[in-house]
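One structure is given here, and the rest of the page talks about it.
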Amino acid sequence: MATPVPVLRLPKGPDPNSRGFDPNSPRFIALCRTSISSSAASDSDSEQLQKEQDARSVLREGFLRCLLSMTNKKVQFQMYENVKVEATFGASDIDVLNFQVSDLHTPIGVQKEALIRCQDVISFTFDV
Amino acid sequence: MAMRQTPLTCSGHTRPVVDLAFSGITPYGYFLISACKDGKPMLRQGDTGDWIGTFLGHKGAVWGATLNTDATKAATAAADFTAKVWDAVSGDEVLSLAHKHIVKTVSFTQDSNCLLTGGNDKLLRIYDLSSPEAAPQEISGHTSAIKKALWCNNDQQILSAADDKTIRLWDRSSMEEVKTLTFDTSVSSMEYVADGQILVITYGKTIAFYNALSLELIKTVEAPAPINSASLHPEKDFFVAGGDDFKLYKFDYSTKEELESYKGHFGPVHCVRFSPDGELYASGSEDGTLRLWQTAVGKTYGLWKCVLPEDLGSENPEQLYTSTPEIKA
């Protein structure tokens, strides 16, 4: 009587809450391109490439300084589905995937501590 | 002691799985994409069947799906009259290519720069993915719906199979028909094995092997039931086939002998493909599942764990269990 080949576990099925493509997987981290790809992908105008890189640096530095100055301030987030919420900004994670906030005012109450998923945010404003 | 094949069932689809394709071997392993009538093609880790993500966007049944060699891009063909190109790492839709009818088949060139599509409008289209707004090149000739189209001979030629019972070989630069094979009955599937230039074709109960350059017949093998798809092992020692009797068959390629048959699916098998390393093959069925089968039954690979006779029944620190009998989720 042949015995069936043992297995360590069954294959993992889909996550009912997300479409997958885990941004924390090694493959994603290694391969995912930045959201705005370089214009000079094929041709090689090195001067133009340098200018573009300088502009990227300026924008990136500006963005990081913005995040720093937002700490502990009240920020209004404009999100999809016409959602506007206000919260006190705490910090961002390294890949800017989540914002840690406190006292998040939502239509169903105030959440003491929360994580806001960055891909859901359209824009945010605050007073410097 | 003889070991019995334990197929690994990958659930998640809610309707029949009609097509599947493996990528090449990448630094992150190899991957598998499945096309399903539920409109939601899925990407899975090839050696374990673990779900990675679902490509969301199609508004109709997905009839064809493929991955490029390094699994960075995916392409799908659907009943919503579009073929879509996806980033297979992030799952994002990159391109949507409008067609005039149901699209059935998609295929990347080896450098992933061009996409070949075919479908119910009877035309083969070649899209240059670096300039997607440019109109595609069109090849006409088939007199009914195209069900499968592939690049072959180093992407210099194209093979297409259609409901007009022909398989045609086209030259890519001249866009002209080079050769045609005519059959008495509709061809159910076509697979191209680049190494060795072999074309695997199925029709009725027959699995036929042709030289992909000359379209000369190498051999045919008869199966016990109508076959919907077959796949040749990378080392060309075996081939597997599945069809309307729900079973998977394994044959010796040189002797044409039927070696094994496996029950497991609850509906006709629509597609079967060997993994790029030949260690397993995947089957997609009308029952909405994909199953992974070992080529060498009992070998330790992926989720399968070889157990030596003395380990059976003894305390084993790892959690080992035999696969449960079919439990519907």
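Quick reminder: no glycine exception, Cβ is built from N, Cα and C everywhere.
The annotation repeat 'WD' is assigned in TrEMBL to B:55-96 (among others). Taken together, the residues in the repeat 'WD' (B:55-96) have a mean pLDDT of 96 on the 0 to 100 scale.
For B:96-137 (among others), the entry in TrEMBL reads repeat 'WD'. Sequence-distant contacts of the repeat 'WD' (B:96-137), counting only residues of its own chain at least 6 positions beyond either end whose CB sits under 8 Å from a CB of the stretch, comprise 57, 60, 63-70, 72-73, 75-79, 81-85, 143-151, 154-155, 158, 160, 162, 170, 172, 175.
Counting same-chain residues at least six beyond the ends of the repeat 'WD' (B:139-180), those with a Cβ under 8 angstroms from any Cβ of the stretch are 64, 102, 104-105, 107-111, 114, 116-120, 122-126, 186-187, 189-190, 192, 194, 197, 199, 201, 212-215. The repeat 'WD' annotation in TrEMBL covers B:139-180 (among others).
Same-chain residues lying 6+ beyond the ends of the repeat 'WD' (B:262-294) with a Cβ under 8 Å from its Cβ atoms: 5-11, 13-25, 30, 32, 34-36, 38, 44, 46-47, 49, 189, 191, 228-235, 240-250, 301-302, 304, 326. Residues annotated as repeat 'WD' in TrEMBL: B:262-294 (among others).
Using DSSP to sort the residues of the repeat 'WD' (B:262-294) gives these counts of helix, strand and coil: 0 helix, 18 strand, 15 coil. Residue counts for the repeat 'WD' (B:139-180) under DSSP (helix as H, G, I; strand as E, B; rest coil) come to 0 helix, 24 strand, 18 coil. Per-class residue totals from DSSP over the repeat 'WD' (B:55-96), listed helix then strand then coil: 0 helix, 22 strand, 20 coil.
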